[in-house]
């Protein structure tokens, strides 16, 4: 990443991305600098809170990024994932392993002290996701703000979330329903360059997957290493890096691992085995013969698109004083 910031093409890409962001959000009612007058320290307060928790627990970064993704795909980016209660989104199976709610609560407490009733929980989560990428040495980008918080949170709505066994065709359909294309899919799943997965979500690939053996898309040399980490009938809650060798840095190593048969989740590895998505993996890796894409820049572009799914603005929503409770 170091050289990217001095590359003229990088700045051109950033200019294009910001122009696209403006076009995407104009009709939504969000904009960069929404709190410039009403709460000028909003973004710095949020980043400070994320940094504070990140210093004591770096795993907070991928957790917040996942939380934002899971929030946007269900009822839109409205912080409905933060609401407590029986049968709310956070109680659903896809969300039970999410962590980092205390970071959002910490930021909200500080914001309510500085600017009561001004900054939405939805914007806090969106900005925290951006800051998480930046803190893991990824790109920093301008985030349009002005979202309001939703009032509905149902566990039953989480079936729209892509699953760890999902086919590429099914993943593409789910992304397309929100205006996200195949490149967006590959870029956003590339967020798995940071973070971990529980053994229970992929260990089935290591034992009796086909004809009594492991998933043939896993590199044979990698199978014993995974089996040692996740033994059969072992602790299913044990956490394993999603990007072997680079789990704490936001980079393209995740895509290189897919190319080498070292993807952890079945749905991730399919990005390489399916020709329609492999093309973008190759482009993010800058492989010879492909048209290279800057992963960080394209990830930021896709995040801006995703972060405006189902956005609530104006009187369509509320500003929660406590993120886990409806006013």
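Glycine too: its Cβ is placed from the backbone N, Cα and C atoms.
Marked as signal peptide by TrEMBL: 1-27. Residues or ranges marked as domain 'Plant heme peroxidase family profile' by TrEMBL: 29-327. If you look up TrEMBL, you'll see 39-115, 72-77, 121-323, 199-230 marked as disulfide bond. Annotation source TrEMBL lists site 'Transition state stabilizer' at 66. Residues or ranges marked as active site, proton acceptor in TrEMBL: 70. Marked as Ca(2+) 1 binding site by TrEMBL: 71, 74, 76, 78, 80, 89. Marked as substrate binding site by TrEMBL: 162. Taken from TrEMBL, the feature heme b binding site covers 192.
This view paints the features noted in TrEMBL onto the structure.
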residue : record                       : Cβ contacts under 8 Å, 6 or more apart
70      : active site, proton acceptor : 81, 89, 94, 95, 98, 158, 161
71      : Ca(2+) 1 binding site        : 77, 78, 79, 80, 81, 82, 89, 122, 125
72      : disulfide bond               : 178, 306, 307, 309, 310
74      : Ca(2+) 1 binding site        : 80, 81, 89, 157, 158, 160, 161
76      : Ca(2+) 1 binding site        : 150, 309, 310, 311, 312
162     : substrate binding site       : 73, 170, 171, 174, 175, 267
192     : heme b binding site          : 242, 243, 254, 264, 265, 268
199     : disulfide bond               : 229, 230, 234, 235, 236, 237, 238, 239, 240
323     : disulfide bond               : 79, 82, 101, 104, 105, 108, 121, 124, 149
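Sparsest Cβ environment among the binding-site residues 78, 89 (other Cβ atoms counted within 10 Å): 89. Local packing around the disulfide-bonded residues 121, 230 was summarised as the count of other Cβ atoms within 10 Å of each Cβ; on this measure the leading residue is 121. If you draw a 10 Å sphere around the CB of residue 115 (disulfide bond), it holds 16 other CB atoms from the protein chains shown. Residue 66 (site 'Transition state stabilizer') counts 22 other C-beta atoms within 10 Å of its own C-beta, drawing on all protein chains shown. A simple way to gauge crowding: the CB of residue 77 (disulfide bond) has 28 other CB atoms within 10 angstroms, across all the protein chains here. A simple way to gauge crowding: the CB of residue 39 (disulfide bond) has 19 other CB atoms within 10 angstroms, across all the protein chains here. In this structure the C-alpha atoms belonging to residue 115 (disulfide bond) and residue 66 (site 'Transition state stabilizer') are separated by 27 Å.
Confidence for the domain 'Plant heme peroxidase family profile' (29-327), expressed as mean pLDDT, is 97.
Apart from the site residues 71, 74, 76, 78, 80, 89, the chain places the Cβ of 70, 72, 73, 75, 77, 79, 81, 150, 153, 157, 310 no farther than 8 Å from the centroid of the site's Cβ atoms, the recorded Ca(2+) 1 location. A 10 Å cutoff on Cβ-Cβ distances gives residue 80 (Ca(2+) 1 binding site) a total of 27 other Cβ atoms nearby, all chains included.
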